[in-house]
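Structure, as structure tokens:
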Amino acid sequence: MDIRAAEISAILKDQIKNFGNEAEVSEVGQVLSVGDGIARVYGLDNVQAGEMVEFPGGIRGMALNLEADNVGVVIFGSDRSIKEGDTVKRTGAIVDVPVGPELLGRVVDALGNPIDGKGPINAAKRSRVDVKAPGIIPRKSVHEPMSTGLKAIDALIPVGRGQRELVIGDRQTGKTAIILDTILNQKAIHDNGPDGDKLYCVYVAIGQKRSTVAQFVKVLEERGALQYSIIVAATASDPAPMQYLAPFAGCAMGEYFRDNGKHALIGYDDLSKQAVAYRQMSLLLRRPPGREAYPGDVFYLHSRLLERAAKLSDEMGAGSLTALPVIETQGNDVSAFIPTNVISITDGQIFLETDLFYQGIRPAVNVGLSVSRVGSAAQIKAMKQVAGSIKGELAQYREMAAFAQFGSDLDASTQRLLNRGARLTELLKQPQFSPLKTEEQVAVIFAGVNGYLDKIPVAQVGKFEQGFLSYLRSEGKAILDTIRTEKAISDDTKGKLKGALDNFAKSFS
């Protein structure tokens, strides 16, 4: 066999010369123990808090506990395939998600991966999930209305762009329905409103049944509202770290619009389940428990999330992010730990009651306990003009109604107050999926506070409202247009409205 030494040495020299340093250098550690979605890892000495790490098989995790001899990592996904002694790699990146208009119309998980089967999302930008909220200087006070389309809310507890308004109540009181109607109400503006008024919606489902989320998406799709919405879903079967992360991921997606001079709305449904997921993680990471076994920083968990909803100043592009966090109470107990925390963080709350819901008052808003700490700054002048007196009248009505149960002989003024109150309560009822434009709400409430309903039987109030609205849409379109453009009721408009009401009242029987 002929061995050509010169040829072999030439080949070897060539290989040595062209040797590429292809070895991957990354800091690695070993899994010491794993279980319940938590891994204890030894050896990741320089890992950062909140950094993404990678387990074999592409499973991701996030370093939360940095201790002297090990790192506590929460696992995003199943921990079944991870075993003791496995190698864990640092990625060097803090947890981030894709953001931007490419996500509109999509359903994603807490890490921004699509779960709707419509193919990959090619987002140009990524953003960290946990960033610092805007300071005091970049902010501006809330002054533009964020219309929900619900009379009871827009008239009595108005929400402004950049506000955080808590929706709180027991299970099955219509909390999700309020968020859904608010999202559907933005369709009219998206279809033919100016770009500056458009409100992009993010809905974060935390710990809900998959069937419920699918139903929500289906309604949005059928009504053409999915095109301006992003759904972030961490369902009940997802691991606790995903449920903990989902609100932060959704918030980062909403902040993209806020920071680019646009307006966004985010609904967290619901933060009670996020707190439960966080409690589970904290206890498994051996952090000391506090009240109701929640960790000491559960207040900070919610405050740092909700402080990111803000109205930015004109220098910063005048964008806004409005938050509608949801909290589920147990037996109408608003004084539990998480409800009191979130009430103290937010700028007001919409309190929903089981009793009202079963009485057929829907949305089941308790007007006495609900407040908006922004108030009439978040209403157009026309709404202030008509809704100014309604809250006082309803408060008086509730007080009188409690007394009226005992006495039968009531004087005329009390009787009048009770009649008016019953009709106003009836007027504020609204079926689901039928949000009203602001100018239509103004016209309807105008009829209520000016005594046009006083002679109509309570049972006929809804029929009167429907009839009057269809009459206005056909005969009095000019009146509605004037209210929409002028955003106020001038004496001239008032006269026309009264004329339209008189005409309609004659024909209504």
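Every residue, even glycine, has its Cβ placed from backbone N, Cα and C.
Features reported for this protein in Swiss-Prot:
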type    : residues                                       : note
BINDING : G169, D170, R171, Q172, T173, G174, K175, T176 : ATP binding site
SITE    : S370                                           : site 'Required for activity'
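All protein chains shown were included, and the count of other CB atoms within 10 Å of the CB of S370 (site 'Required for activity') stands at 21. Counted within 10 Å of its Cβ, the other Cβ atoms near G169 (ATP binding site) come to 27, all protein chains included. Over all protein chains present, the Cβ of G174 (ATP binding site) has 19 other Cβ atoms lying within 10 Å. A Cβ within 8 Å of the Cβ centre of G169, D170, R171, Q172, T173, G174, K175, T176, the residues given for ATP, is found for these other residues of the same chain: E328, L352, T354, F357, A364. When the binding-site residues R171, K175 are scored by other C-beta atoms within 10 Å, K175 scores highest. Ranking the binding-site residues D170, Q172, T173, T176 by how many Cβ atoms sit within 10 Å of each one's Cβ puts T173 at the top.
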